[in-house]
């Protein structure tokens, strides 16, 4: 930590927010190739949770890169910094009592492991598994074609690797099931984690302030 910077210890803790909200805020991190269906699934799940009275927020790749991370390119180092910033922001949202849904390619295992380590039990990783060929068929933006033509560099799946998750909490094969079925599958797992509020004494000692 930078010298002379001392994080403020807030009077209102996350456990206090959990008590008031009646549910546990978590980070749901959608991983997968461009065009795999991450944003669509995240949007469907957010609507379902929001309609049940749960505070939610989606952090999406293009939105983040047009604002907070507009200074970053698509080199490996910039991608890692992109995810580091997103993780920090997500952690603040979760601490504030929001269920955060993120939709980012997140191609490197090392970076995914860092997110899981920081968030601990407040983390669910969803691997949206879809073959590259199918993702290219869905590509309404024409990004894959531009990447194959050399007009876009460091494009995941073409000239930049995607390390498939082997330990994701949930896997959805989006080319084999409908969006509705995918949302339901994810919901059935995460809702138990969100609704499972343990004793506040243990939460206060274990959750990040």
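All positions are counted from 1 along the displayed chain.
Just so it is clear, glycine is given a Cβ too, placed from its N, Cα and C backbone atoms.
Pulled from TrEMBL, these are the features on record:
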DOMAIN    25-172  domain 'APS kinase'
BINDING   32, 33, 34, 35, 36, 37, 38, 39  ATP binding site
Output field, ATP shell: CB within 8 Å of site CB centroid, site 32, 33, 34, 35, 36, 37, 38, 39 dropped: 30, 103, 105, 128, 130, 135, 174
Mean of pLDDT values spanning the domain 'APS kinase' (25-172): 93
Three-state composition of the domain 'APS kinase' (25-172), taking helix and strand from DSSP: 64 helix, 27 strand, 57 coil
Site with most surrounding Cβ atoms, counting all protein chains shown within 10 Å, from the binding-site residues 32, 37: 32
Intrachain C-beta neighbours of residue 38 (ATP binding site), sequence separation six or more, cut-off 8 angstroms: 30, 31, 32, 103, 104, 105, 128
Under 8 Å by Cβ from residue 33 (ATP binding site), same chain, sequence gap 6 or more: 105, 130, 132, 135, 156, 157, 162
Candidate with the highest Cβ count within 10 Å, taken from the binding-site residues 34, 36, 39: 36
